[in-house]
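Per TrEMBL, the features are as follows:
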BINDING   N103, H108, E113  oxalate binding site
DISULFID  C29-C44  disulfide bond
DOMAIN    58-206  domain 'Cupin type-1'
SIGNAL    1-19  signal peptide
Amino acid sequence: MAAVVTYLVIFAVISSALAYDPDMLQDLCVANTSAGIKVNGFTCKAETNITEADFFFDGLAKPGKVNNSVGSLVTGGNVEKIPGLNTLGVSLSRIDYAADGLNPPHTHPRATEMIFVLEGELDVGFITTANKLISKTVKKGEVFVFPRGLVHFQKNNGDKAASVISAFNSQLPGTQSIAMTLFTSTPAVPDNVLTKAFQVGTKEIDKIKTKLAPKKS
C-alpha cells in the first residue's frame, strides 16, 4: 500500500506540470453534470454547493466482478464519477483481470496512461505508428506507460486474478476499443470496407459482428 501511495504522489506532481487537459483558471471548477450545457469539459457548479463528496470516490478500493467474454473489467475514477476532477487534468481507473483475462487492444485519444500492478503478472504492450510492438511482462509493484493515442493491451497469462491502477493525464481520457469500434458502431461500418481492410469475406465479418454484438437482456 505504501508503494501505491508513493506512486500516486509522484504521478500527481508530474501531472500538475505536464497535464494534457487545458490549465485551470481558478481554484475549483467542480463539474455541474446536470447543467445540460456542452463545453470542452463541464461547466462549474456554484461554489456554495460544493462539498467534500465532489472530491471523493471509493469505487477503486475493491476488485470488480469480472463477468464477460474477454475476462477484464475497467472501473473508471474520472470526472464523471468525481466531479471535483473537472479542469484538473488527471484521473484514475482500476482494471481487474480474471485468469487468462485480456484488456483488448484499444486507445485513449486524450491521455497517456501509466499502470501500476497491484496483483499478478501481465503481458502488456503498445504499437507505434511505425508498426513496432513495444512489450514487456510486468509484475506486482511495477509500472508501464502507454503513450497517448497509441493502440495498447494488457493480458493476464497467469492462472490467478490480476489487477492494476491506471493513471491518466486527463480528467476524461476516452477509450476506443479497436474491435468494438470497427464491428459494432452505429451506423455500422460498411461490410465492403471491412472485407477490403481485413482481406476476408462477408461471412467472416458477420461472424465477428455476431460474437461482439451486445448481449440482449
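Cβ coordinates are placed from backbone N, Cα and C, and glycine is handled just like the others.
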Report summary line: DSSP puts the residues of the domain 'Cupin type-1' (58-206) at 22 helix, 57 strand, 70 coil
Query raised in the report: What is the separation, in Å, between the Cα atoms of C44 (disulfide bond) and H108 (oxalate binding site)?
Result: 25
Query raised in the report: Setting N103, H108, E113 aside, what same-chain residues sit with their Cβ within 8 Å of the center of the Cβ atoms that define the oxalate site, listed in sequence order?
Result: S93, H106, T107, I115, F146, H152, S166, F168, P173, T175
Query raised in the report: Highest CB neighbour count within 10 A among the disulfide-bonded residues C29, C44?
Result: C29
Query - N103 (oxalate binding site) CB neighbourhood, other CB atoms within 10 A - result: 25
Query - Cβ neighbour count (within 10 Å, all chains shown) around E113 (oxalate binding site) - result: 23
Report task. Just jot down the residues in the same chain as H108 (oxalate binding site), at least 6 apart in sequence, with C-beta under 8 A of its C-beta; none if empty. Result -> F146, R148, G149, F168, S170, P173, G174, T175, Q176
Query raised in the report: Tell me, what is the mean pLDDT of the domain 'Cupin type-1' (58-206)?
Result: 97
Query raised in the report: How many whole Å apart are the CA atoms of C29 (disulfide bond) and E113 (oxalate binding site)?
Result: 24
